[in-house]
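Per TrEMBL, domain 'MARVEL' is recorded for 5-137, 142-278. The feature transmembrane segment is assigned by TrEMBL to 6-29, 41-59, 79-99, 111-127, 139-164, 176-196, 211-232, 253-272.
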């Protein structure tokens with residue numbers, strides 16, 4: 001039994017994450033108000049993070065993880081970064097969707113407490129990412145470095161973009177944007193999967209330079225999408241008066257901001273990757 005799995009700072013952060021996520025989904029379940037796509041997503045997030053973190057603690061406590069055919073450090077780094085993004089999104093989406101104003105009654109109080117604990121859970125996962133992130137000059141797993149963590153961020157943001165792509169017209173510019181989101185998502189996801197599966201070392205090419213080239217290409221592609229998506233999506237002008245919450249105009253605006261976020265992420269990724277490879 002490896003007691004450091006639960007007594008180290010990383011282990012303590014994971015224990016807090018397990019407890020906080022369990023309390024969160026228990027409180028939300030007691031309200032019975034988690035229906036619809038947004039409620040289902042939030043409940044899935046808390047349950048998924050609880051189950052995987054508990055599994056990670058169990059495997060490290062019994063020292064079973066070295067027998068698994070994967071890079072354990074890459075897996076835990078990628079999961080903790082993913083959990084940060086998922087829990088943060090749920091901590092914002094849940095109160096915005098289910099807590100009404102004015103807020104009163106025991107049900108509303110439980111929803112407010114669940115939101116607060118969810119934010120604390122987000123901080124616990126953020127602490128784990130900070131503790132396990134590779135410091136400059138360290139020889140560590142790729143997904144614990146800044147470029148590796150950014151790969152998880154880029155993939156997650158692309159998933160959010162796909163969720164907002166309700167319908168889009170046959171405009172060539174919009175089709176190009178969707179192609180950009182899809183191509184970059186698939187390639188970045190494959191990089192994460194191959195890294196965790198220890199498959200990248202078998203590639204017959206200088207992988208580090210290939211990643212730098214890919215980041216540069218993805219940056220240029222997202223730059224075009226950043227220009228073309230709002231240009232074609234908002235040709236009709238401002239927000240229609242008949243547009244309720246979650247209408248097509250709002251979703252297009254969300255895609256615009258998420259595209260900018262990923263553009264910045266690929267820019268930072270390119271800078272860090274270039275420094276790691278050439279400097």
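From the backbone N, Cα and C atoms, a Cβ is placed for every residue, glycine too.
Under DSSP, the residues of the domain 'MARVEL' (5-137) split into helix, strand and coil as follows: 110 helix, 0 strand, 23 coil. Same-chain residues lying 6 or more positions outside the transmembrane segment (6-29) and placing a CB less than 8 Å from one of its CB atoms are 42-43, 46-47, 49-50, 53-54, 56-57, 60-61, 83, 87, 94, 110-111, 113-114, 117-118, 120-121, 124-125, 127-128, 131-132. With helix defined as DSSP H, G or I and strand as E or B, the domain 'MARVEL' (142-278) counts 108 helix, 0 strand, 29 coil. Segment contact is absent for the transmembrane segment (139-164) and the transmembrane segment (111-127), given fewer than three CB pairs below 8 angstroms at sequence separation of 6 or more.
The transmembrane segment (111-127) shares the most Cβ pairs under 8 Å with 79-99, out of the stretches 41-59, 79-99, 176-196, 211-232, 253-272. Here the transmembrane segment (211-232) has long-range neighbours at 147, 154, 169, 171, 173-174, 176-177, 180-181, 183-184, 187-188, 191, 252, 255-256, 259-260, 262-263, 266-267, 269-270, 273-274, 277-278, meaning same-chain residues at least 6 beyond its ends whose C-beta is under 8 angstroms from one of its own.
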